[in-house]
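Report on the structure given below.
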């Protein structure tokens, strides 16, 4: 996939450059205008949250827009100091839960993804179908029985319980994505390993896994993101105690009926979004490749 | 049997962990969830070891299905909600796909500042969805939201976006479109780049117009990517929860099937688990029927999926 794309680029480059020279001035302007408008729409909400995060709550609800209005960093210091709810604990819970889901999900699904990519065995089709089917499950069909199971096990309201719940979606998804990555590692490598006397497990562990590292990283990242941003199960299953909430649940406190603290909410949002955005941009190149190869290969 | 095991044991050993997880965490709860739809289970009669209380719900047959499918307002007006869910799903996915494809084609050209445009355009994907939902809720506020301030400034009417009218549905569709376009754009950009340039050259030599090149080279080249991302998009949007829940809350004008199921499960005085499960099973049935039809349609066109 990578190889293909880059070699195509090399061949295409001169011809493409010609195209740009061909394009009329009007077409160029229209092209840039469209892209600029789209970019502004994409960026504006985030920009506006940032502007709001600097305003006091009372200034954030004034019916005349101003860029700066008694702006300061007070909101940030109050959110971080825990005056407005235990933000640091929410952050810690979100990281912990997402991390545990990721590790468990990738660990469990790696071998299955490999088997589905390489071997033909009876029941494989059914298994692949079931991964797709699980993608289709509305959480509503599982939420009651999972709740039932969690209280039976005494795990209701705990992080571990939530991790188990997230595995219902993370495991099939990771398996599906990892299969896509293993498909891009040439099967000749397996054969060479087998000829040299490695067992199927040895081939997987010593040869394929190291080669699929980028794929593992991206799958992990994706699993992490899904758990990080999940709202429904977290709202329903975590106990009401402030220090056990995740970010997605905790931030809802700012906009409850009698209390719309937009300034503080915005500051908290920026604190959550910045690390997410940085990591996203670091790995997005690989993410795109993975999605594309997964999608093309089905 | 021995030969069978000899041949396949390592494959089965490798898929075993996933099969166990799916069986325990998905299939068993699924069976239980289906069973709950035939009972009157709720907060008051579910088994609760914390309170030392055994389960005391009864089997009530098809009562839940009859209640829900008769479409009464007290059971979430199923048919109206289904129609609203379909409008929501298809408008979102249509907008995702067309805008995503348009932007992907623009970005696929040689444009100055392409990398910068790309970085800005995928920003909505990088921000966690619940953060974006809060941001839009703030911007949609009727009095002090920036959107209405802007509309007033240029002399357009300023609707109460998140009030008790269909504007609420329009608002959440706008937000979800904003959220979903980057994924489509990126996936389709990947698809566009995998179409060999020779095909376009050949088409040009044969005198094809830009429209014909789009119609007969680009679209067929995107077929397999498109069919996958559109199917995924439809499933995800159909089940999309946080956007509506965080922006519109329990507003019945923006209610879709999953948000109502959650409402019955979680909010309100009567936590009616039986109705929530019934909704879950009905949603799943709708999606299964849809996926089957979609697959058959693809197969008819010679696509193996």
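Note that Cβ sites are derived from N, Cα and C of the backbone, with glycine treated the same way.
Residues or ranges marked as transmembrane segment by TrEMBL: A:26-51 (among others).
Within its own chain, the transmembrane segment (A:87-115) is flanked in space by residues 79-80, 121, 127, 159-160, 162-163, 166-167, 170-179, 181-182, 204, 208-209, 216, 219-220, 223-225, 227-228, 242-251, 268, 271-272, which lie at least six positions past its ends and keep a Cβ under 8 Å from the stretch. Under the heading transmembrane segment, TrEMBL lists A:87-115 (among others).
Annotated domain 'ABC transmembrane type-1' per TrEMBL: A:91-283, in sequence order.
Look at TrEMBL and you will find A:127-153 (among others) tagged as transmembrane segment.
The annotation transmembrane segment is assigned in TrEMBL to A:159-178 (among others).
Among the features that TrEMBL reports, transmembrane segment is placed at A:216-241 (among others).
Per TrEMBL, transmembrane segment is recorded for A:261-283 (among others).
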Stretch among A:159-178, A:216-241, A:261-283 sharing the most Cβ pairs under 8 Å with the transmembrane segment (A:127-153): A:159-178
Remote residues contacting the transmembrane segment (A:261-283) - C-beta distance under 8 A, at least 6 residues beyond either end: 46, 49-50, 52-57, 59-61, 75-76, 78-80, 84, 87, 91, 217-218, 221, 225, 228, 247, 251, 254-255
